[in-house]
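For reference, the structure is listed below as structure tokens.
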């Protein structure tokens, strides 16, 4: 008589003991971003068909903070409390002893340890389970991409319970376009389904990059066009539970400023026409370079000769008293040299005003031998004045 009773009580006591010891074992952890949702499981396994009488969810922020109520369930009534109103819901099946909690629009202050307590009707024992929630900064809801580039749009639903994703759907809505299905995944087909072009212009440009078994429905959009700018809404279905997330995509027509990467440092391969043009330019430059040098030299020589001629003419005009005076020194046979003074303008320095005399230079002009006798006769006549010939000649 007592054996069946022992067999019934033993699993129940084991279940209660496991539930109480869940706090001693390291609890599961969830990491979510600000603004996302988190599903914290609290499932009580029991062999008896007893209904849940009460469920309490509390938050323990830390050592120096007080615990606060999140939600409580009593007599088929679920009541969120305090700052968690409109953000928490019981998503489990109460009839199946499932008191899982869905926390939406997660805030930084929501970080901490969440404790679930389940009481069955007519039982004094309490089943407890803890979940540690870590909160990260908010992910950008607006993304920027350039035309022709690629962009990854994330969509992850964090949950402690292992639930199969039944459906993943991405819907696009632009400013000038109606809603259009971008990507759809069915769990029954066990394959991703991309719509043909008749369904939209995303065909062959969207790939699933997330892990469906981890509730990750992220996609990659390639070959971005200007018309791709708009809102992208992701929906992850876990049975009756639906998680949604919206991303705004901005498309810029400008080319991105590429960073210096090893791929960018690869040598550029020139085409046939470009190579011919470059070789032609180099050859023409080499051939024309000597001609340009000769032209420059000739131009400089002409300018110098013209300048010297103008200088001599200007000197004669400014000093008309300058005449050729004979000099009677014979330096070679058959010709004489006549020295005439050339007066050069005085150079005045700004720092030291000088009173230097004008410099005098002598120029030699050849005299033909036929004029030698006439010159000698004139010298003999002048020497009759009583001065020595050498001095007069000098």
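From the backbone N, Cα and C atoms, a Cβ is placed for every residue, glycine too.
The disulfide bond annotation in Swiss-Prot covers 42-116 (among others) and is backed by sequence analysis. Annotation note: residue 42 (disulfide bond) sits in a coil segment as assigned by DSSP.
Less than 8 angstroms from the CB of residue 234 (disulfide bond) sit 153, 155, 168, 169, 170, 217, 244, 245, 246, 247, each of them six or more residues away in the same chain. In the three-state DSSP assignment, the secondary structure recorded for residue 234 (disulfide bond) is strand. What Swiss-Prot lists as disulfide bond is 155-234 (among others), and the listing cites sequence analysis.
The domain 'Ig-like V-type 1' annotation in Swiss-Prot covers 20-132.
The domain 'Ig-like V-type 2' annotation in Swiss-Prot covers 137-250.
As annotated by Swiss-Prot, region 'Disordered' applies to 369-394.
Swiss-Prot lists 1-19 with the feature signal peptide.
What Swiss-Prot lists as topological domain 'Extracellular' is 20-275, and the listing cites sequence analysis. Confidence for the topological domain 'Extracellular' (20-275), expressed as mean pLDDT, is 83.
The feature topological domain 'Cytoplasmic' is assigned by Swiss-Prot to 297-394, with sequence analysis given as support.
Sorting each residue of the domain 'Ig-like V-type 2' (137-250) by its DSSP state yields 9 helix, 54 strand, 51 coil.
Sequence-distant contacts (6 or more apart, same chain, Cβ under 8 Å) of residue 42 (disulfide bond) comprise 55, 57, 92, 98, 99, 100, 101, 116, 118, 129, 131.
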